[in-house]
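Look at TrEMBL and you will find 1-204, 356-649 tagged as domain 'Peptidase M14'. The feature active site, proton donor/acceptor is assigned by TrEMBL to Glu174, Glu619.
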Amino acid sequence: MVSNHHGPWTPETPKALQESNCESLKEYKGRNNAKGVDLNRDFPDQFDKHKSNDDEYMFGGRQPETVALMRWVTGKQFVLSGNLHGGAVVASYPYDDSSTGKECCEESRSPDDSLFKHLANVYASRNAEMRAGDTCPPEHFDGGLTNGAHWYSVQGGMQDFNYVHSNCFEVTFELSCCKYPPASELPKYWELNKDSLLSFIEQAHLGVTGVVVDEAGEPVKNAQIKIEGNDHPVRTTEHGYYWRMLLPGQYNITAVASGYSIPPYTTITIPDDQLSPVSLNMTVHRHPRSLTAGKSQLRYHDNAAVTTFTHFSVLVVNLLLMALGEPTFISNTGKSPVHTRRARHELDGISPVDFAHHDYVKMESFLKDLNEQYPRITKLSSIGKSVEGRELYVLEVTQDPGMHKPGKPEFKYVANMHGNEVIGRELLLLLAKYLCQEYVSGNQRIQKMLNTTRIHLLPSMNPDGYEKARMGDYSSLRGRSNAHNVDLNRNFPDQFGATSDNRVPEPETLAVMNWSLSEPFVLSANLHGGALVANYPYDGNPDMQSGFEYLTPDNPVFLHLAHTYSEAHHKMHLGQPCKNLPSEKFPQGITNGAKWYVLAGGMQDWNYLHTNDMEITLELGCFKFPPAEDLPTYWEDNREALLKFIEQVHTGVTGFVHSHIGHPLANTTIKVEGVSHTVKTAKDGDYWRLLEPGTYNITAVKQGYESITEQVTVPEEGSVSVNFTLMADDPQHWSSAYDF
């Protein structure tokens, strides 16, 4: 919201203003800035006959306050805003100016006229004086709304600038007949406007949001998001994200970016009861660009621009691209260019020295250093020892670490279960450092994550196996098993009975089982290597035959979790096979474990069957032990997916179960009608039940208490809170509660 457009926008103007003065002073003192300029007439105007997009026109000769606002608006990714004025009581929406030159009385409609009317009405309908439309006679506004140009034409207004030159939809709100009312009336204005202000903010979640990437999964910035039949596009951010406000209805949408082919329109439906934006990610493909050389010339093809070089330019172009930091080796055979790795001086604030492989000693030092540097948000502990006596370190990253906080969900990542699959190990070390650095630097997303989630990172479940593995190992078994030569992902108790691999649990397995049972974990992932896919339970099936799906009662949730990681990963969602297994393709980058290949004694199945935890297995790359110089690419590919997966711990239903006298009821069973899998409350009576959006009947059941069932609607985004109060199932408590 921008307030006091006419008034204390600058430090000079308040001196000229007088409390209780309802009209402008002589020569509009106080309304204008210190140079006597009305700032709401000072912005570039879309109907100006001399308009231009160059800096001279956009910024030249404008007031410093105007320029500051323009740069702020165009530099941020605002979606919605309000401009708060006084002197009338009405919600005025674009356009303020028109192509007719008329001073009033004729609407000038934007391509989003219906949406702007809705936004204006959201505010006006919740303000009794504005809704009446006649608070400041003789003016009358039906429903408290007006099109700006219909009321009176304004050239150079801020709300039109926002809409035309940024992604922001802005409405102007005139809040009082008196421009500078006495302070004693401020409580009245707060009561009149409080609900309107909040409801207007909530409208930012209307419409559709997503990310635009290219075929390699890289974000495409400045792509236009176009709606069929609507001439107003919005553009993607530097990281490819977009937000497009839309009213409920069906729309055809696409993304247009220079140098890329335009994908077909996608049809989306914005629901009537929308609580959060519809999510739509789009992929665009580059136009066929080529650098080709023949006997006489080299041509660089890009849209309409074609530059011809003499034959020796192959070397010149090659050297030029290298100088620009994007080495591309160009052949004269007509084949595609070969891209080499580009040097990275720093990525996400992480030093190049951290993009290295960490053996046990280096990993231990890294974790201890991080814990010492960030003692308020980390705690380092060991959950046990390996066969050869190495600590199984877990780094807890959260606000106020050290113990479970009632109502705060527990999350874990486990990596390096197979000692020679090392990508996950290094990613968790990088993730730990990234979370700590971003938290203290003020990253609001990371602060929210750590303030509301207790995150546990086990970088290496098999440190003994890692010490036997060797860098450069693409697909061997060296270092895969622990020091007893046992595959730890075959060593957990299995629902279909004991095997030779899990009859005797290994120290590492026992440590992880005890740890997993000691905390009320809600969600986790097991990080592997050797493929690129998100694998969800079950891993086994009754006949132990590969190629046949065996699904959990929570398959919709597991599908969502697998898709969440795969779609956020730069490449996983493409479903491409590894070079040594060309026929092994995974549509959308996900698979059911048993359909891929069956295994008994896996960790993800054990977690689902014996704890409240829903776990999937993430295969993070074909190369099991890649060279260290590849680690920055793995980090870039996985960072957003790692974060987004953690955030899924806050989906579904959560709450507490207490007795009628307020005692927490631990070990209460939480049942979902139609789903045979249950979870149980933790020691403080808190529970979490991951569920897809929808309506469910949920029952709390505990021996010795009357069961209670509640109907719950899980929203499209986030979770819903449902608390249960159970009455003891005995005559004395019943009489105390119900007799009068």
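From the backbone N, Cα and C atoms, a Cβ is placed for every residue, glycine too.
Please treat TrEMBL annotations as automatic predictions, because they have not gone through curation.
As the structure is a computational prediction, the values presented were derived from the model and not from experiment.
Note: Glu174 (active site, proton donor/acceptor) has non-local neighbours His85, Gly86, Gly87, Ala88, Val89, Val90, Ala91, Ser92, i.e. same-chain residues 6+ apart with C-beta under 8 A of its own C-beta. A strand conformation is recorded for Glu619 (active site, proton donor/acceptor) in the three-state DSSP classification. Cβ neighbours of Glu619 (active site, proton donor/acceptor) (same chain, under 8 Å, six or more residues apart in sequence): His528, Gly529, Gly530, Ala531, Leu532, Val533, Ala534, Asn535. Averaged over the domain 'Peptidase M14' (1-204), the predicted model has a pLDDT of 86.
Glu174 (active site, proton donor/acceptor) falls within a strand segment according to DSSP.
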